[in-house]
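Down below is the structure, laid out as structure tokens.
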Amino acid sequence: MAIDPEQQPISSVSREVGKSSGEISSEREPLIKENHVPENYSVVAAILPFFFPALGGLLYGYEIGATSCATISLQSPSLSGISWYNFSSVDVGLVTSGSLYGALFGSIVAFTIADVIGRRKELILAAILFLIGALVTALAPIYSVLIIGRVTYGVSVGLAMHAAPMYIAETAPSEIRGQLVSLKEFFIVLGMVGGYGIGSLTVNILSGWRYMYATSVPLAVIMGIGMWWLPASPRWLLLRVIQGKGNVENQREAAIKSLCRLRGPAFVDSAAEQVSEILAELSVVGEDKEVTFGELFQGKCLKALIIGGGLVLFQQITGQPSVLYYAPSILQTAGFSAAGDATRVSILLGLLKLIMTGVAVVVIDRLGRRPLLLGGVGGMVVSLFLLGSYYLFFSASPVVAVVALLLYVGCYQLSFGPIGWLMISEIFPLKLRGRGLSLAVLVNFGANAIVTFAFSPLKELLGAGILFCAFGVICVLSLVFIFFIVPETKGLTLEEIEAKCL
């Protein structure tokens with residue numbers, strides 16, 4: 001019979017703990033050191049604890065890319081392979097946004113279950129729902145079943161985008177935490193490009209939309225098996241210890257075993273000591289007190305919500321969905337032949353996003369979060385005002401729009417794209433992280449929905465030029481927010497971030 005790694009005691013390792021009773025020391029000497037000592041870890045051992053959670057991001061991105069092509073296939077009288085292909089605009093909108101509604105619901109579900117079942121089991125649940133959602137969508141015999149599949153898939157997106165950054169941040173060595181969490185954004189963009197690619201290959205075959213959605217099935221299976229094999233987050237296990245939930249000795253042993261597997265052979269000798277240090281640090285910063293709903297909006301919890309929620313809110317309301325909506329028409333105006341094919345245009349922009357996200361991953365733990373945010377968002381301000389000026393004054397010079405478009409996409413992927421998700425995974429105190437991050441994800445998807453649905457009426461009311469200039473003004477406000485509110489977390493452990501930044 002299979003044994004759940006979260007419940008597996010390791011007596012051989014527990015002897016290294018040094019406290020046979022398993023009780024936590026009542027002494028609370030601060031262990032947050034001014035000079036951070038680098039952790040011992042194996043890069044090879046850190047790959048799989050990143051890879052399997054990041055598959056959730058890949059599946060999320062793939063759904064975005066595949067759906068843009070699936071809507072074309074579904075509405076084709078000759079290639080859809082169905083008798084209910086005559087979709088209204090509302091029908092197409094539900095197919096496109098069904099996963100978004102599901103993600104909103106998934107974020108609410110995550111709020112209630114995240115700290116109870118843990119990050120690992122939440123990701124296993126997400127993988128199961130990815131599998132069910134993909135199969136129901138791909139095999140849908142009627143329209144209503146198709147929408148049920150889309151919403152189910154969306155619930156898994158909400159769970160995965162909540163739990164994946166937490167699991168990666170809590171298990172990654174602090175020296176490469178920024179790179180690994182940002183690499184999850186790289187996986188999202190990679191999934192988009194893959195979705196566009198698979199879509200372009202299958203859009204012209206009979207029932208091609210079924211193949212597009214079915215392609216995500218094996219990835220969901222791999223994610224589920226991988227997350228079952230991985231250990232639970234050691235910090236979640238230790239949070240349960242200091243809050244008096246579960247058997248103290250077994251939880252400590254499980255946390256030690258988890259750290260040994262996550263850091264590799266080089267960490268075995270110091271695992272017990274590291275667990276004791278983390279426990280003491282968590283007690284120092286007050287993690288032994290379970291947070292109530294009201295306390296989410298007080299003290300350091302409120303500050304973390306302002307930082308995390310503010311970043312993901314600005315991530316969406318600075319115009320990212322709207323700029324990409326205009327991308328095909330901008331390139332077509334400039335005379336690019338690829339603009340006649342929406343799929344190829346999407347692949348082109350997806351590759352640019354992929355390259356710039358890769359640049360961010362490489363430099364983020366060297367330059368830090370704030371410099372990339374300030375520089376990237378500054379570039380977004382310039383690009384949005386250029387786009388607005390194109391529609392207002394320079395419509396005869398399409399090169400202005402193309403430069404602005406490419407600048408916007410590149411700067412977004414250097415800043416808000418990866419760093420928004422990174423910061424919300426780092427900034428919340430451990431006792432708040434599950435619920436706080438679910439609220440941030442809810443804000444993210446909610447703002448996305450509002451911007452997406454409000455864009456068309458606002459465009460008709462104000463015109464594209466004024467609308468893009470308005471997004472530019474919002475970007476300026478986000479720069480002020482970043483400069484005065486967002487702290488630098490480069491190189492700090494999660495406990496040090498809580499002690500120094502909140």
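The backbone N, Cα and C atoms fix where each Cβ goes, and this holds for glycine too.
Feature annotation from TrEMBL assigns domain 'Major facilitator superfamily (MFS) profile' to 49-490. As annotated by TrEMBL, region 'Disordered' applies to 1-29. Sequence annotations record features per position, and here TrEMBL assigns transmembrane segment to 41-62, 99-117, 124-145, 181-199, 211-230, 347-365, 372-393, 399-424, 436-455, 461-486.
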Beyond the flanks of the transmembrane segment (436-455) by at least 6 residues, Cβ under 8 Å: 97, 100-101, 103-104, 107-108, 110-111, 114, 158, 161-162, 165-166, 296, 301, 304-305, 308-309, 311-313, 315-317, 319, 321-322, 325, 420, 424-425, 428-429, 467
Among 41-62, 124-145, 181-199, 399-424, 461-486, stretch most in contact with the transmembrane segment (211-230) (C-beta, under 8 angstroms): 124-145
Beyond the flanks of the transmembrane segment (372-393) by 6 or more, those residues with Cβ under 8 Å of it: 318-319, 323, 326, 360, 363-364, 400-401, 403-405, 407-408, 410-416, 419, 463-469, 471-472, 475-476, 478-479, 482-483, 486
Segment proximity, the transmembrane segment (461-486) to the transmembrane segment (41-62), 3 or more C-beta pairs under 8 Å: no
